[in-house]
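Colleague: Just dropping this structure here.
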Amino acid sequence: MTMLNQNPQETNINVVVRVRPRNPKEIKENSPVAVTTNGKKGKEVHIKAHAADLNSRTYTFDKVFGPEADQNTVFDDVVVPILDEVRLGYNCTIFAYGQTGTGKTYTMEGDLDTARGEHAGIIPRTLYSLFDTLESETAGEYSVRVSYIELYNEELKDLLSPDEDLRKLKLFEDANKRGSVVVQGMEEVMVNNAADVISILQKGSNKRQIASTKMNETSSRSHGIFSITVHIKEVTTDGEDLLKVGKLNLVDLAGSENIGRSGAKEKRAVEAGMINQSLLTLGRVINALVDRSPHIPYRESKLTRLLQDSLGGRTKTCIIAAVSPAKCNLEESLSTLDYAYRAKNIRNKPEINQRMTKKALMKEYVAEIAQLKRDLAATREKNGIFLSQETFETLSNENQSGKDRQDELTKDVAAKEEQIKSLQEKFQANMELLLNVNEKLDVAMAALEKKNREFEGAVEELRRAEQGLVEQKVLTSAHAHTEKQLNTMAGNLVSTLRNSLSDMNGLYEKLDRKSAIQLENTGIFNHFQNTLLQSMSQLESQISTFGASAHGLMSKLNEDLASVSQKQLDEKASIESEFSSQLQTFNDTSAQLVQKLSEKDAAMAKELEEVVGLGRLLSSTMDEKSSQSQDIHSQMFVGLKGMITQQGTQTGQWNASTKSEISNMVESLKAHVGEQMMMQHKTQKMVEEGLRAEIAALRSQNHELTASLAKQRESATQSRDNLLMNIGQLLSTYASEQDAAVDGIVRISRKRTEARIEAIQNVAGEHRSAIEDAAIVETRFLDGLATTSGRVVDEMNLGAKRIGETLLNVERHCGNMEASVAAYTGFARNTVKESVKQTEERAQRAFNRNAEHSATFVEEINGLHRTTTNILARGKERHCGDLDELCTNMSDWAETTNKHIAALEQFHREAKEQIGQTQNEVSCKRLAEEQPTGQTPRKKPYKFPTSWRITPSHDEILREYRERGPRPQMTEDPNNPFSVPSATYPQSISRAESESSVDTMVASEKENDGSGDSMMKDVDEGVGGGG
């Protein structure tokens, strides 16, 4: 009964690296350490060819043992797990591989005299560990057989053969196991303990081919294969006995060597050649297995045939790569590590060996015993013949065939010896030639490697240069597209600027009409003021004359009354004697008459005083109103003076701002000239001429603007002084001069700006080809120029706007003055009317009272006359003349009084007519008003781009190109070893994309400039007005 592993799984070969310490020879030669590890145990090997190198080459393996690792550490980590696999019934192989002198034999055998000592190798430690484990686990039901063969010069020899002359062995394919080989005639020795195996191993090791070379004093000249076969009895659950078979191959490969360094000659050189040939075949097998080649060259060497099952077969394999740490062996160490690193990728399919039943094994043994008995019987039956007939015939045939073959070989040997001699001579010559060629080849290879590195560097540099050229073309295309867009936008801005200048001319014409109307209204106001002052003067003169006339009348009346009284007293004295009887009555009557006359005098005096007071009140009122009118005019003068001062200050600020902007523009142009001189050396002369002309034009413009502004300042100062002296006459003249000066400055700035723009356009047209090579600098210059020009235009618009505001303030103050004068005129008119009315009323009352007193007085005189008629009848004739004179005087007095009343009425009518005439003039002669002409530009929006899309940064352009555009590719040209890459550039930026950022740019400008709100408002709303 047999049992097999039905589903084998592929596993990689386990590769272990062991780095030995430097030997005394390497230390003596001061050869530095070039191969290092990460301590005693690790997984990486580091190669550093020079101590100054910052970078090192690193190999990674399953296990790496450094120089500090001892034999026991290697055994525990590598061999112990494999022994467990052997006891389970697997075939396992451990072989050491590496350069001669790297410690392969030391790792595999070590010191056999002290099998359990510190320097014991893998083989003795394996034996002791195996027997100890079998004794403890199987209770003695096991068997161990060992074999030891060597491969020397492609010939197999049995190291355990009892004959002194080692028998040559033959290899055959195993018919039962595909891919395995059988060594015919190999001696397998049954052993019972480890000590027996050690003794056998020592005998076999002493028979191995060992020689001394410059590289190693005890260099193995053959490959040694020590095999341990273990049979372990196992009882199944059914009670049937099975035999579990495991096999461990411990291979000590001969080291590869450089004949020139090892000093091998003649026989040793042939040995080295055969060793290297077998190892080279092993390397080709490893490469073929890694590359999964359909053909594996196992048959090219007996070594690879022996290891066929271990490399890619059904065996679990472990390779121990032994390397030297010294720099002098670095080339061989790198070769060993490269082969070991590739061997990691070999995959085996381990299978458990068939388990033989006890019956099958006994049957095999019985057949072998029967064969031996037949041979023994035949030997006993025939004298001198110790073989059976079949065996004898076979041997005879073989002997005859051998003799024939010997004769053939003898002849061949003779021919071969001659050939060998000739070949040896050729070989020696070829070896010398080979050494020379190798030296030359090394030099040539080094030079070739250097040239290859230089060529690779040049190709890489060329690739970077071509990539840079393509990217530069992409950047140039992007900048050219941006320049085209900016040129289009500049044309639109110039067109919009011309339209706005035309609208500004219309506004200035409207301001001229406003100024003319203001001048006409000022003349009307002055005429009205003069007329009012003359009327007031005439009224005051007439009131004074009327007062004097009234005073003269009262004086005359008093004189007349005094004269009458004196005459009456004289008459009384003359007739007192005659009328003594009637004295008392007459005295009473006279007293009453005197009292009434006194009351009348007092009333007349009072009325006169009231008239005089009314005249004085009217005069004081007119004086007060004149004072108020002067105060109002003074306030208006102060307001106008403040506005003029403010206008002068604003004009100075505007001049300073304009100078600053122009200076900034000049500095920006100077910086631009510096950049252009550095980046466009080829067009230096042309650029210098254009920029010199531009700078001269700007400086000339700066001087002209400075002179114009200074002249404007002087004119403003003179106008302000004249305006303070005569506000009514020079107000319109000042406004006209201000408008004319501002128009002059605006026209000069506009002309200079247009000339500067035209000059820049001419220079740009002449350098259009040069601009393509310096698109970045030109873009920054155009941006700065556009920004500065915008600031200058904004400053000019702001100055014009401030002047317009000042004119509006002047108009507003003039309106206020006109309203104040109208209010004052109305108040004066009302006051005069009220005064005249009061005068009329008071005069009428005085007239009425005088009439009443006169009537009363006449009535009393008549009563007195009637009363005294009888009494004075006798003195009628004597006093008739006196009475007639008194009546005449009374008539004259009444007539004079009537004249004064008529004069007062005439004065009232004249004053009333004059005031009415003044009212008619004011109401009829209205102030002039502006008549619409229909030429003032109306409010309209100006459509023009307020922002533009600048060229993206180089990083963004190149990133977009690298993401979207094709990579530069090399095109093959038989005449040119290098090709020019072709690439595509980004698509042009559309106008919609350019205008999509208008709102964002406007918002950004408002944040950066505090005056952005008012300026953008003017731009959005357009120019107002429609008069």
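Cβ coordinates come from backbone N, Cα and C, glycine included.
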Colleague: Give the range, chosen from 240-267, 604-631, 688-715, 856-883, that TrEMBL lists as coiled coil.
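Modeller: When 240-267, 604-631, 688-715, 856-883 are checked in TrEMBL, coiled coil belongs to 688-715.
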Colleague: Can you work out the mean pLDDT of the predicted model over the coiled coil (688-715)?
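Modeller: Here the predicted model's pLDDT, averaged over the coiled coil (688-715), is 65.
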Colleague: Please report the number of other Cβ atoms within 10 Å of the Cβ of THR105 (ATP binding site).
Modeller: 24
Colleague: Tell me which of the binding-site residues GLY98, GLY101, GLY103 sits in the most Cβ-dense spot, judged by other Cβ atoms within 10 Å.
Modeller: GLY98
Colleague: Tally every other Cβ atom lying within 10 Å of the Cβ atom of THR100 (ATP binding site).
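Modeller: If we count other Cβ atoms within 10 Å of THR100 (ATP binding site), we arrive at 25.
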Colleague: Could you say whether, by DSSP, GLY101 (ATP binding site) belongs to a helix, a strand or a coil region?
Modeller: coil
